[in-house]
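Engineer: Right, I'll just put the structure down here and ask away after.
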Amino acid sequence: MENGGAGTLQIRQVLLFFVLLGMSQAGSETGNFLVMEELQSGSFVGNLAKTLGLEVSELSSRGARVVSNDNKECLQLDTNTGDLLLREMLDREELCGSNEPCVLYFQVLMKNPTQFLQIELQVRDINDHSPVFLEKEMLLEIPENSPVGAVFLLESAKDLDVGINAVKSYTINPNSHFHVKIRVNPDNRKYPELVLDKALDYEERPELSFILTALDGGSPPRSGTALVRVVVVDINDNSPEFEQAFYEVKILENSILGSLVVTVSAWDLDSGTNSELSYTFSHASEDIRKTFEINQKSGDITLTAPLDFEAIESYSIIIQATDGGGLFGKSTVRIQVMDVNDNAPEITVSSITSPIPENTPETVVMVFRIRDRDSGDNGKMVCSIPEDIPFVLKSSVNNYYTLETERPLDRESRAEYNITITVTDLGTPRLKTEHNITVLVSDVNDNAPAFTQTSYALFVRENNSPALHIGSISATDRDSGTNAQVNYSLLPSQDPHLPLASLVSINADNGHLFALRSLDYEALQGFQFRVGATDHGSPALSSEALVRVLVLDANDNSPFVLYPLQNGSAPCTELVPWAAEPGYLVTKVVAVDGDSGQNAWLSYQLLKATEPGLFGVWAHNGEVRTARLLSERDAAKHRLVVLVKDNGEPPRSATATLHVLLVDGFSQPYLPLPEAAPAQAQADSLTVYLVVALASVSSLFLFSVLLFVAVRLCRRSRAAPVGRCSVPEGPFPGHLVDVSGTGTLSQSYHYEVCVTGGSRSNKFKFLKPIIPNFLPQSTGSEVEENPPFQNNLGF
């Protein structure tokens, strides 16, 4: 209808344009007509000639015709009579919607001269539409505690008619709880409200339904209806009530577990969560809670433990039903246990001994009595146990039996026996009773802890941090309980010189080993000790294992130059004749390294020289030799700096400074001091100084060597009882030489060395080979170890 109203507005605008146009061209008259909607096509509207004061012949002669702006010809003109007739049925609601009045504008076009005559056609509404509710069913949720007089809004009905034919009133079918009140909104439309006349009660009537009727003002009036459902929202104002205040049931004493005993049921007049009930035992004894169980949702009471008529003949249980709001009701259930005499054999246990010690022979495990209430053959019984277990049955008087062990048991082989004692009568049919017992074998401390390895090899790099975890040992015990709990300990060292307590410690609970202090490979290359594992049994059993700790060398010592001495005194000066051939041995740099292995492999190189290319240093042995022939252009004095570097990671190094003096011959040597003597000094004084210097240097060097050897021998003598071991080395590089004496060279190449101070060539004299002293090795070691040794010099 809104679309119809918009179209009508456009029609009016176009008609207005034509009217204005006609008025501008010629004078015009307006004709007003009234017609009821829904008239049939061809119905008479009015006489145009009479209304406008025209002759009928004029309409015909001037070609009068009716036009509209939307080319929709609703009217037709009979030029013979001047009557306006309906060309089609008019629907006011389609043409104008809810607008009132509904006026259509047309023009009568006449020629000679051209003239527009305005026609206004008012379409009168008839009551051709009934009120309609958009929703055929309305749902209202109203709390049952709503006060009387409360107002609830209802949906209004829609009526396409207007005016008096629109919705006029609302009614509901009579009821005691509600009435309808009519309200008018600002656009003059009427809408209904539902007023509560009587308090609601969910338990009395949880839902009300009635018909809402909308009436229009037409004649005859039309109506529309909708169903109104009022759902009363419950509040928790009712306590649960049981179907029975007292339940009495009977149950056989041999009922199986899980059997349904009885189902209790209660209801609650409330709704929603207020009517959701849960069932529980109220103030039930421990026997009741052990024997029975109630389903909180369904109220099913089931059996959870065997019944014994001889022990308890009946149970009285108070059941409580609680709703979601906290209100509750109670009922009593009496359960009568019915005795069953099935005449099956019975086993009465007098005593059971479990667990039993594993190493005790012929131990009585169980004493029991059997009986059958029948008589004759039906009362005669045979008692038996399985044959594949180390137990026997022994009969006694009055049907008493004892179950005994046949031989000593071994818990480590089998710690538990499930034994079925079967008693069968001789009746027809034969009935039998089985009694199952579980016999546990208690542990006896008959197994000592066993280490996972007979010996352990642990590696730790020197200069470690104190309290460093260096490894773990582990032992297991086949026993159980406290007999299987193992404590670890360090056993007293067999070497009285080994300070074991200050070297390592052990965690008594888990066997973790820790180095207590920083280890020095040069002082201690390895040591071994024994550890013990003791269980907590009585008496306690223990076992031992050997632990070897191998100290790995770290490059923590720089090379030390033995010759020439670098002690800040007068430098060493070597004399070289001018006639020396290439490769002439000037001197030999001697150095040692306190480390071992590749950390002690030394290489030599010339770092600085006064005359580059004149001298060279052999990388293997530190020999300083001439590289070419000497010439007159060469300086007489030369200063050489030799770099000594080990092969560690990172490498360490030291330098040695040499002074070389070129002389014509050795008969009259010339040895200047580091500071040049005055030019006027006599040759005799220079010779004296040179001899004194050489003697001093040789004495200092010899004294240093002896002192160093003595210190090393003292340290070796103290460390020798502790035991020394060397880690297997890699291949020895061809460009390196080992002079440390710590075991990095092949054993056949270890010699004592002495520098001959009186020789101008400063060569070495090899006095005697050093024979390695092998310590005996233990058998069964997991890691192949080099036998520890030390040399006479202690390098």
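In case you wondered, yes, glycine gets a Cβ from its N, Cα and C as well.
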Engineer: Quick check on the record annotations: which of Asn463, Asn487 is tagged N-linked glycosylation site by Swiss-Prot?
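Structural biologist: Record lookup in Swiss-Prot returns N-linked glycosylation site for Asn487.
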Engineer: Measuring CB to CB from Asn436 (N-linked glycosylation site), give everything in the same chain under 8 Å that is also at least six residues away in sequence.
Structural biologist: Asn418, Ile419, Thr420, Ile421
Engineer: Within the domain 'Cadherin 5' (456-561), how many residues are helix, strand or coil going by DSSP?
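Structural biologist: Output for the domain 'Cadherin 5' (456-561) reads 8 helix, 48 strand, 50 coil.
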Engineer: Where does Asn567 (N-linked glycosylation site) sit by DSSP, helix, strand or coil?
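Structural biologist: Once the DSSP labels are grouped into three classes, Asn567 (N-linked glycosylation site) ends up as coil.
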Engineer: What is the total of other Cβ atoms whose distance to the Cβ of Asn487 (N-linked glycosylation site) is within 10 Å?
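Structural biologist: Asn487 (N-linked glycosylation site): 18 neighbouring Cβ atoms within 10 Å.
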Engineer: Where does the mean pLDDT land for the topological domain 'Cytoplasmic' (712-795)?
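Structural biologist: In the predicted model, the topological domain 'Cytoplasmic' (712-795) has a mean pLDDT of 39.
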Engineer: Relative to the Cβ position of Asn418 (N-linked glycosylation site), how many further Cβ atoms are located within 10 Å?
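Structural biologist: Taking every protein chain into account, the count is 10.
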Engineer: Reported as an integer number of Å, what is the Cα distance between Asn487 (N-linked glycosylation site) and Asn567 (N-linked glycosylation site)?
Structural biologist: 56
